[in-house]
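To keep things clear, I will list the structure first and then write my remarks on it.
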Amino acid sequence: MRFIEEFINKGYFHQCTDLDRLTAITKETKIAAYIGFDCTATSLHIGSLMQIMILRLLQQHGHKPIVIIGGGTSKIGDPTWKDEVRKILSKEDIAKNAEGIKKSLSKFIKFGDGKSDAIMLDNAEWLDSFNYLDFLRDFGSYFSVNRMLTMDSVKLRLEREQHLSFLEFNYMLLQAYDFYYLSKHYNCSLQLGGSDQWGNIVMGADLIRKISGKEVFGMTTPLLTTSSGAKMGKTAAGAVWLNEDLLSPYDYYQYWRNCEDADIVRFAKLYSEFTQEELNRFESLAAEDINAAKKQLAYELTKLCHSEQAAKSALETAVKIFEEGQIDENLPTVVLEQEVLQAGISAYELFHEAGLATSKSEARKLIRGNGAKINDRLVADENMIINTNFLLDKKVIKLSAGKKRHILVRV
């Protein structure tokens with residue numbers, strides 16, 4: 001199966017500047033294509049997983065993936081579909097975040113000097129040295145303000161009478177220049193991104209065409225939500241991070257294990273590397289087979305992101321907890337100072353400290369709703385004092401929020 005065919009078959013396709021021509025070119029030759037990522041955290045989360053799998057697919061078909069870290073543009077902020085001005089990051093924050101993002105990406109693609117090896121670039125390399133007057137002189141005449149005002153991302157802010165600074169308005173010019181720079185210096189002929197980036201991508205392709213006459217393309221992916229309408233990458237407990245220092249492989253496994261029934265087939269197509277035969281089986285699941293399919297999906301996605309050993313460990317932990325009722329040492333762990341436990345801490349405070357509730361009031365609500373357990377026993381009193389007497393084997397306390405979120409408290 002060719003790149004574009006598989007791209008469409010997996011559900012990645014939304015829009016392309018010239019799909020027929022791009023299909024023909026990618027059949028005949030290998031291209032360089034780029035995707036940009038925000039540099040706003042020390043890890044990517046599953047909201048970026050489709051873009052990451054596209055980079056992986058490019059590489060598998062012999063094309064060269066280029067990853068752009070927006071070290072330059074992160075200093076400004078992208079107004080695309082944002083209701084508020086974004087926090088501007090320091091150089092130190094950007095450098096730390098870029099390191100973590102490369103760690104996320106390296107789980108899925110190979111970086112190096114080979115023809116199809118990925119490279120990662122920071123657009124600060126060319127944007128930081130920009131002379132504003134030179135930019136206006138050399139590129140300003142190629143951009144139409146009339147057209148920029150028609151971009152949906154800008155129109156949204158204006159229609160809501162929300163503040164749109166000149167700083168943010170310039171973002172689309174800089175993204176267009178990124179594409180031009182990569183086309184000129186890295187022979188990049190394709191920019192990929194979410195459908196909310198369509199306007200910015202087209203502006204870049206137009207800029208290249210006007211200046212150099214090169215044939216380049218833009219292609220976008222659909223914006224994904226779960227079947228219930230929730231945004232991919234976010235849960236009530238926080239983001240589903242790819243790096244294990246922010247989210248344990250067990251919690252990553254549990255996210256996919258607990259996905260909604262209606263999402264199983266779509267997630268399998270988008271995020272796994274199951275064969276077509278396996279995908280066909282997913283599409284014809286009987287009701288009694290859904291749980292087994294979720295386990296298989298969670299295992300495969302955890303293996304892909306972390307390792308086969310991590311997937312096995314997560315599966316074993318889940319079996320011990322949910323099927324055998326045991327405590328497993330591989331559960332996510334938080335450390336509590338021994339002095340705190342010796343003095344005693346109220347149940348609601350402990351659940352908040354352990355991260356099973358985002359606030360103390362939420363912890364109280366959890367306990368009042370009979371959703372909290374300590375060492376598998378229901379917590380009836382939110383003010384109950386938890387001390388060293390609750391330690392199992394003098395080592396840990398098991399906390400549970402609902403049926404699927406568990407954590408060990410160690411001292």
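Using the three backbone atoms N, Cα and C, a Cβ is placed for every residue, glycine included.
Just so it is clear, the model here is predicted, and its values are computed rather than measured.
Taken from Swiss-Prot, the feature L-tyrosine binding site applies to Tyr34, Tyr171, Gln175. Within 10 Å of the C-beta of Tyr171 (L-tyrosine binding site) we count 21 further C-beta atoms, all protein chains included.
Residues or ranges marked as motif ''HIGH' region' by Swiss-Prot: 39-48. When pLDDT values are averaged over the motif ''HIGH' region' (39-48), the model yields 92.
Per Swiss-Prot, the feature motif ''KMSKS' region' maps to 231-235.
Residues or ranges marked as ATP binding site by Swiss-Prot: Lys234.
The domain 'S4 RNA-binding' feature in Swiss-Prot is assigned to 345-411; the stated evidence is sequence analysis.
Its own atom aside, the Cβ of Gln175 (L-tyrosine binding site) has 25 Cβ atoms within 10 angstroms in the protein chains shown. Residue counts for the domain 'S4 RNA-binding' (345-411) under DSSP, helix first, then strand, then coil, are 19 helix, 22 strand, 26 coil. In the three-state DSSP classification, Tyr34 (L-tyrosine binding site) falls within a strand. Within the same chain, residues at least 6 positions away in sequence whose Cβ sits under 8 Å from that of Tyr34 (L-tyrosine binding site) are Pro65, Ile66, Val67, Ile68, Phe179, Leu182, Cys188, Leu190, Gln191, Leu192. Look at the motif ''HIGH' region' (39-48): DSSP puts its residues at 3 helix, 1 strand, 6 coil.
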